[in-house]
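First comes the structure, then the notes that go with it.
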């Protein structure tokens with residue numbers, strides 16, 4: 001019976017194989033030797049079925065091969081899931097910012113009143129804990145559902161023939177203390193008032209009763225031509241100083257809150273520290289996601305850790321586009337007033353540059369006559385000026401910022417430990433100027449960064465409003 005069953009199964013297998021493959025039906029074909037031998041396998045329902053040897057004994061194929069392939073699939077899936085979990089940092093907890101500050105009446109009042117500095121910052125669950133995705137979303141989209149605040153563009157003639165521009169936005173509500181307060185804002189590298197993250201912040205600040213003045217970095221606006229062979233640099237404060245001077249002169253009763261994002265944070269801190277008179281009528285300053293020292297950051301930007309070298313390349317490519325959009329004024333015949341040191345600027349080296357350092361060395365430092373890249377970075381970094389800032393100063397950074405190396409964060413932390421006017425807030429997540437908030441997938445239009453700046457500004461205004469009363473009472477009344 002075993003032999004008969006085997007022959008029937010073999011005959012069925014041959015017929016199916018000939019039908020599906022078109023192989024010849026005669027017995028002398030290559031199919032017969034394939035089926036002959038000491039061991040023959042029968043295909044049953046598309047699966048490897050019984051095995052019969054020459055003695056007529058029937059067995060089954062061992063399941064090791066399918067099990068092995070299933071194990072490989074599981075290993076691949078597990079590996080992919082592990083990589084996703086690690087990249088998205090899903091296991092990372094949410095927690096309040098880590099604060100560094102001295103115990104003073106003002107700081108106690110700030111910590112008590114600014115709830116965002118003591119509450120958990122909760123990013124979107126699925127991707128918000130990944131600094132790269134926070135940074136990428138900021139870089140690509142800026143913000144979600146960004147508003148369109150309406151402002152008035154101002155033009156200021158500079159001493160070297162350059163024309164500075166800034167946009168002025170009037171408040172849309174009463175400020176919490178009823179005072180006239182203007183936020184003077186300096187955006188990040190190559191940014192201006194039309195960027196989505198700036199528009200979102202300005203719209204929110206307007207609705208909280210603040211007038212906003214936003215500097216457009218020299219050469220950054222695509223529809224505004226340069227009027228001299230010079231554009232914005234890492235630490236030049238000339239245009240920002242001109243904007244602040246205009247605001248002070250035009251609105252003699254207003255008080256100022258200084259805000260800087262990324263490179264703009266370096267500029268505003270350097271501006272306040274350059275001269276004590278720059279701090280007049282300034283209530284406070286907020287700096288977000290700056291690196292404090294270009295000289296110390298130089299080496300870290302060439303490292304592949306956290307893809308920092310790749311970000312360096314992207315920012316260098318953006319800088320090249322901005323510079324080349326003004327090549328007629330910067331390098332052409334019309335630039336008759338070109339600085340002497342710009343005469344040896346090699347345009348071909350700009351085309352081949354792959355890092356900001358190469359562009360800074362070949363082009364940017366020469367706008368102000370620096371002899372070397374080291375001198376340019378040393379003199380244009382706020383680390384040499386920020387200790388002169390005496391107004392309340394909030395410095396905000398993130399632990400997962402792919403652009404700012406953790407070693408640079410010792411600068412604001414040490415400053416907060418030495419100066420009583422400084423609070424350093426370090427969030428666990430947020431990326432570079434991301435700070436998106438949300439439940440699971442979709443971020444909210446307003447970010448944690450927008451809200452914490454305004455909340456800090458409101459608290460400072462309230463402190464200033466009641467400071468005489470606090471000063472006459474006990475320390476307990478002010479805390």
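Using N, Cα and C of the backbone, Cβ positions are placed for all residues, glycine too.
If you look up TrEMBL, you'll see 182-439 marked as domain 'AB hydrolase-1'.
In sequence order, 187, 188, 189, 288, 289, 290, 403, 432, 433 make up the list of same-chain residues 6 or more apart from residue 262 (active site, charge relay system) whose Cβ falls under 8 Å from its Cβ. Per TrEMBL, active site, charge relay system is recorded for 262 (among others).
Neighbours of residue 401 (active site, charge relay system), defined as other CB atoms within 10 A of its CB across all chains, total 26. What TrEMBL records for 401 (among others) is active site, charge relay system.
For 432 (among others), the entry in TrEMBL reads active site, charge relay system.
Note on the domain 'AB hydrolase-1' (182-439): mean pLDDT across this stretch is 93.
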